[in-house]
Each structure stands twice: as C-alpha cells, then as structure tokens.
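Heads up: the structure comes next, in structure tokens.
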Amino acid sequence: MEAENQTEVSVFLLRGLSDDPELQPLLFGMFLSMYLVTVLGNLLIILAVSSDSHLHTPMYFFLSNLSFVDICFISTTVPKMLVNIQECSKGISYIECLIQVYFFMIFAGMDDFLLTVMAYDRFVAICHPLHYTVIMNPRLCVLLVLSCWLTLFWVSLIHILLVRQLTFCTGTEIPHFFCELAQILKAACSDTLINNICLYVATALLCVFPLTGILFSYSQIVSSLMRMSSSEGKYKAFSTCGSHLSVVCLFYGTSLGVYLTSAVTHSSQRSSIASVMYTVVTPMLNPFIYSLRNKEVKGALQRFLRRRKYLGKMLKGLQSTP
C-alpha cells in the first residue's frame, strides 16, 4: 500500500537533451522555432485542402488527417520540454507522464496507419483506376480513419492500465526529453514482463504490419507500372506517389535510425538526440515535402493565401470607409 501511495504522488525527472546551462537558451529557441514551423505548415495544409474543392479527394482527405496528427504528435512532447527549459525544471508528474505516453502512442501509431492507408489509396488509384471512385468512396475513407483511431485508443489504454500496476521509486529519472514507454518500463521497480510482452506485440501491430502493407502496396504499384508501355504514363502515375514515398522513407528511416542508435550505443543522450528526428523533424518536414513536390497542393496553398490577402484588403477598405 505504501508503494502504491508513493507511486501516486511521485514525480519523474526528465533528463532532457543536455545538462549544460549555456545550451538551454539555444535549445529553447531551436525547439520553439521548429514547433511553430510545424504547427503553421501543417495548419496551412489542412486549410488549403479544406478550402479547395479540387482537393476534396481521398488522397488529400488522408493528407489533411496526417497534418492534423502531426500537429498533435509534436504538441505531445515539445511544449512540456519548452516549459521545463523555461522554468529550469526537469520534473513531470506521474499523471502528466502517463497522459504523455498515452497520446504519444496514439499519434505515433496514427502516423503509421495513415501512411499505410495512403499507400493503399495510391495502390487502388494506379492498379485499379477504373474502380477507384467506387472502392475509395467517402464512407470507406471515413471508416478507415475511424478504425485507426479506435484501435489506437484501446491499444494505448491497455498499456496505460498495465503501467498503473507498476511501482516506481521516488525521484525516478527518465533518460529522455519526454516520457517514452520503453524508458518508463526500464525505470520501474517492479516486474515488467507482461508490459514488455505487450510492448513487443504493439510494436508489431503499429510498425511491422503497417510497413508490410506499404511495401506490398508499392510492390503492386511497381508491378503495374512495369506493364505500362508508355514512359510518360509511368512517370505520371508514379509522380503521384513521390511525396508519400518521401514521407514514408523519412518516417521509417528516422525511426530505424533511433532503434539502431539505441542498440549500438549505450548513451541515453545520443538516443534522445536521435529521437528528435522522428518526433520533431519529421512532422516539421512533411508540409514542405507535400507542398514542394506536389503541384496541386502548391497551387491550392497559393490560391488560399491569395484569397486571404484579398479578404484582408476588402476588410481594410470597409474599415476605412466613413
């Protein structure tokens, strides 16, 4: 009973990226800038897609959901880190830590699932173009996204309930800049066998299966493209996959980099720095990849910004009218 009460009131210590006081202002400015760029960039994608009727298609419906998830994903970790740097504190309460783990798992999993769904969308568009509108109907698109959310809500909840059964010592230190499930399990004072088994199962569910689906979709796409006689047709078909493929490589490449860094080195600080790539850098770069490589998104953004500028001038003119 005493251990449980101790767990309820415990405060974890997040070691962060560096203990050097002189680096803290630099880290604060860098992460604040990346956070604002990520939120603004992904918000512009959402507004451009929702305001342009030409982009009311399954592919851009999934893209706007991905942008929303990326905003939530980075908002799960970076704001708390910025607050701790500003207050020269490393503490995070037990409840705050569990909430962070819960939402981090949901949004990281949603990134995986949405990238898989988007790969399936490209597979249907290229391999079954005549049936695309019938297969990828609005109802199916909504059901796919909802099923992803519901699956992750329950998977993450199971992990949190299992973590609630663990006991922790006072002053437990987590060698990371946010509460990561694997690090929390390592810091526990009680047996974590069941938790680790569930973590491996969740990793297979949230990483291996989606990646397998992406690889299968692209193998079918490449096979279909090889059967095309026209080089122009091949280029046009595959160009619609360019942005998605870049994001997939970035997300899984950085995630694999974090895993290999953790396996090769025992330095928790290096692992934390590597984690910045997929928790912060990837969500920040996604809008740039889709806006720079995709002419339709680029055009929609330009039209949206022009409309905003035109409305601003109209409002200014009305206000100046006596």
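Any Cβ shown, glycine's included, is placed from N, Cα and C.
The annotation domain 'G-protein coupled receptors family 1 profile' is assigned in TrEMBL to 41-290.
According to TrEMBL, the feature transmembrane segment maps to 26-48 (among others).
The transmembrane segment annotation in TrEMBL covers 60-79 (among others).
Below 8 angstroms of C-beta separation, residues 59, 62-63, 65-66, 69-70, 72-73, 76-77, 80, 92, 144-145, 148-149, 151-153, 155-157, 159-160, 163, 178-181, 184, 202, 206-207, 210-211, 213-214, 217-218, 244, 247-248, 251 of the same chain, each at least six residues beyond the ends of the transmembrane segment (99-120), sit close to that stretch. TrEMBL lists 99-120 (among others) with the feature transmembrane segment.
With a cut-off of 8 Å between Cβ atoms, the residues of this chain six or more beyond the transmembrane segment (140-162) that come close are 58, 61-62, 65, 98, 101-103, 105-106, 109-110, 113-114, 117, 181, 194-195, 198-199, 202, 205-206. Taken from TrEMBL, the feature transmembrane segment applies to 140-162 (among others).
Sequence annotations record features per position, and here TrEMBL assigns transmembrane segment to 193-216 (among others). Tertiary neighbourhood of the transmembrane segment (193-216): same-chain residues 105, 108-109, 112-113, 115-116, 119-120, 152, 155, 158-159, 162-163, 166, 181-182, 185, 248, 252, 255, selected by CB-CB distance under 8 Å and a gap of 6+ residues from either end.
Packing against the transmembrane segment (237-260) from elsewhere in the chain are residues 59, 66, 111-112, 115, 118-119, 122, 125-126, 207, 211, 214, 218, 221, 224-225, 228, 271, 274-275, 277-278, 281-282, 285-286, 289-290, 293-294, 297: each is 6 or more residues past its ends and has a CB under 8 Å from a CB in it. Annotated transmembrane segment per TrEMBL: 237-260 (among others), in sequence order.
Annotated transmembrane segment per TrEMBL: 272-292 (among others), in sequence order. Away from its own ends, the transmembrane segment (272-292) comes close to residues 15-17, 31, 34-35, 37-38, 41-42, 44-45, 63, 66-67, 70-71, 73-74, 77-78, 175-178, 180, 243, 246-247, 250-251, 254-255, 257-258, 261-262, 298, 301 of its chain (Cβ-Cβ under 8 Å, at least six residues beyond either end).
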